[in-house]
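As given in Swiss-Prot:
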COMPBIAS  1-16  compositional bias 'Basic and acidic residues'
REGION    1-59  region 'Disordered'
COMPBIAS  35-44  compositional bias 'Basic and acidic residues'
REGION    83-188  region 'Disordered'
COMPBIAS  95-105  compositional bias 'Basic and acidic residues'
COMPBIAS  106-115  compositional bias 'Polar residues'
COMPBIAS  116-126  compositional bias 'Low complexity'
COMPBIAS  127-139  compositional bias 'Basic and acidic residues'
COMPBIAS  147-166  compositional bias 'Basic and acidic residues'
REGION    207-233  region 'Disordered'
COMPBIAS  209-219  compositional bias 'Polar residues'
DOMAIN    249-288  domain 'GRAM 1'
DOMAIN    289-387  domain 'PH'
REGION    462-651  region 'Disordered'
COMPBIAS  534-575  compositional bias 'Polar residues'
COMPBIAS  599-612  compositional bias 'Polar residues'
COMPBIAS  615-633  compositional bias 'Basic and acidic residues'
BINDING   920, 921, 923, 1223, 1225, 1238, 1242, 1243, 1262, 1263  UDP-alpha-D-glucose binding site
REGION    1339-1418  region 'Disordered'
COMPBIAS  1341-1355  compositional bias 'Low complexity'
């Protein structure tokens, strides 16, 4: 595993060293630019300004303010609320604070480096310098002045645990020293456990007490393993090593089966000459959500149930008030400390319960599901997680002697599998009987018959040995039975050595934090007992209060104290440790039982008197069976009856010192108990290091802290949070307890800041290896935020909302921005630098479920053990005789994989699919790609668009239907007015009212004979045509059109980030403004030609329509608040480059530039309107020369719709620029180093797919949106103005910024791996039934025949129609969310899918030929 980690680190080092620069922003510093690229006199001039105003040349006319939303933003920017968005925010903290930021980074790096030895520091620094810096400087030929601390970047990913030697010469103990991740006492004080609750929990788990209660394995110390002769098979040898047999045993037979407990464990059963063994390999993943959904939760004090969205991921059950805001949990249940999960009692007879509860060591949580089946599923999932957390590891091993088996009987549970039960006697002392259930999906009858015959042969022997035992038989007389009959869940690193002492077989089952099912066999060795007895004095001083409660609960338990204590995860460590927290290595190994297993009864028995123990034994003799009594004496009396076993020899000096400081420790323990248990006493006691007022004042002063590898504060950081130093608690423990994070999550830095949501909320920011967390500090608030760093796209600095504060914006994938405010610019800048450092580190580190190096090693070891076992099987039987587990034990379909679908969504018949769109070439091209995919699927697609695209469409074998409208004229309106702005709609309604009428009528005619309609919403007619034809209707578009808080509407992108509320309102306003502008003409058209009644925006419900977005989820991640009928499929690319032959002149120009060592850029703004095309051409020429690059130019701004008044002679092009007329993007962009264009959806997708940095100069429409996305992703630059100063600097940065180049290449690789057309087709299949349901709802609401001419109606019929219109039967009403409604509609659609043709036929008028007929009126 180490070589893999080293290689990964070297790869990341190589990528990061190439992009060494300031991390406070995503752009290069001005100091890194050549002097020739400094600002000139034209820095504020925009040569791409449209005609129509003299002020445009001075840059005062902004394109976004041509929209109605731009006017709102322009007016609002004059208020104090938008003062933070002034242009000075771009330079705030940039030039003045950069030296300070750099020095702080260097200072933090040096401080952290000083914590290690000078030799280590010198070695690390030399290796970094020689291995990365010099190599990169030699290969790249340049070095950026800003550097990143590699030590800070990659320190968190290394394991911090120091592995202790696993052998002690004095004791011969080989048990590893693994410290459990105990919960911080100050954060979560642990109450005295109630043993009866744990007994009930174990019964509900179906983990029988006897199955986990094993006697200590005892082997003859002088005995040796049997010789491994030449006849011993590899499988026998492997089983001997894995299960600790004395000698290799011949394998008689093996079966693939499953162990049935509270969960189903798939594995193998091996039947040897003396044992029946079971082995299951359980790889774990902690980053995948196991289950999620809505549940009701009861409050701690309020009996009312509240509805939350729950998500079970890893070891934590989190719940959220809003399922679309998963970064702000309302709370969580840490299942690492869980005891049980069980169903509640049924409140009504004959009805199964919907309530269930989860019990932890702190409290019991009560939940209520929507149905009894859902409650059962949740309980099953929770039991599985608790089972795994209590028994941490990656393999399950069970073995029991054949002679201990009492009987075997069938236990049928399901029809498709054979299940039988094996009853086994545990040992001679307790006579306990274990029951094991094994399920076979194949060969079950054969296995049952074989085992039954094997057991019957020894039935008399078993009866004589176990039912009539000899009273004087010692446990050591039969070592086989007691040492083999055990259950363990172990990681691959835990091996049982047969020739070692009995103590060596008690190695920790799990390599991480918790005890395993084998913890009942882990007992103290003599050396350990001696250390525990001395330590118990100190424990008794601080645990007196809890011990008394524990004694009382022990006497009332249904099982013996030793049994529960040895199997309890709650007793894994003392609640209050001793004051001496730095024991020596030998002491740590001697006291490992207090860290890895439950604190045994011996530690308290040494404190109590012999009378207490005797009284406890008498109570247990009277209340329990002989088994419990024997266990209690076996576990406790052996330590108390002979005190010399615990206190052998004279007391050591260390023990005398501990006993001497008893008064101080007693007082400290009492103060600790009162402080952690009582809020009132904590306010009264003056035991803290500073007063309450001083502590609060320190918190409100704000500040920052950085933490080293051991999570200690670096010396240069001021101490502003003295609470962290209290309780002897590690700095990171409190952080992990607040957010229920694993031990592998190491704290890196903390800051005090305000989080702006509705109101500013003061709290603390935590930065760890892979998380950004926030916790409110205002009394009465419980806001918490857990944000994975991999979900953060960028971090930007802005002015604060309030005067004197400094803002920081966190841009999140698929989520609205988060705004933080800091009191000082230093803290804000330091936080920005720290976040950028961690973002760079996690950028190329793919997160898996195994984060820590130790966990990776353990997983590798378990996987190696599993692989070696498989190899041994194949060596014994050959590949033809054995089938792998995944084939031989395949689950029945009742155990359905949620990731796989059980329904074939592809329709059986070929569909007639019409794609309706208007606009430019970029609007039509994606539909050609989609239709080519539909043709390959056997469907009959057709594209309805402008007539000038007909040859292009038909060239690809796609049917075509014309739609009225001149795209050139439409382009002129869009450029001059902004796309779908108020001025656009006003001019269109005045000058193009007839154009809209022709568009609607021609679209209606073109969409006839269709079974499915897919429309760009800009065409305006599709939803009404689908309602009239009563066919399923989809929408598809190249820009965001659905309401979300993550992104603003593509036509209303603000100058600065406005937050989620503004983003959402832009969609609402646009929908209403757009509909108001066309409502009159559309309703007239509906009545006259479609035969439909007038409609409104509420009746249409456009937000319920299934939507396909043809851009990449890597470019525009799906927002968390999108319903499940909205899908981002990926780009629909039309690859035409393979059929295109480039001109010779173009190839020679590219070849010449490569020989000269010059970068090549493409510049083309498409068909735009500018006031002075010649001036724009001159600007491009000067910028190319100034940036010292070569240019391939596509000059569309002077070819179409130019201003005749500005016509001037063409400017001659220098040899550095080669002009082309047209070239396929997929070919051209693969031969350049950077692309400059207008930011259209198709062109942006093509340049990003090629993996080249992209410079965007937006003009109108969605171009502003994609420009902002490119800049947020760090793969390009969005220019607000175009002049020589700005353009030349952007060209140089795009071709020289290694950071931008690497990000663009990474994004391009992800886009090329997508198949947007195939994903879109599958989305159509999946949502087709849902779309049919919506069509049925609309047809019921309209209930009018397909006739453009209204038929004569009676008064009653007219009144009935009016009732239908008023009722709005198909409008969604209620509190259901979109996702809930979609699920209900899907369920209804599945049951009613076959009714649609009959209903459509019944609703049609006589003589109709069906939905696809043409209207006679046309």
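Backbone N, Cα and C define each Cβ position, glycine as well.
Features per Swiss-Prot, on structure.
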residue	record	DSSP (3 states)
920	UDP-alpha-D-glucose binding site	coil
1225	UDP-alpha-D-glucose binding site	helix
1242	UDP-alpha-D-glucose binding site	helix
1262	UDP-alpha-D-glucose binding site	coil
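In the structure as shown, the Cβ atom of residue 923 (UDP-alpha-D-glucose binding site) sits within 10 Å of 22 other Cβ atoms. Across the domain 'PH' (289-387), the DSSP tally of helix, strand and coil residues reads 19 helix, 45 strand, 35 coil.
Of all the Cβ atoms in the protein chains shown, 23 others lie within 10 Å of the Cβ of residue 1242 (UDP-alpha-D-glucose binding site). A sphere of 10 angstroms centred on the C-beta of residue 920 (UDP-alpha-D-glucose binding site) encloses 18 other C-beta atoms.
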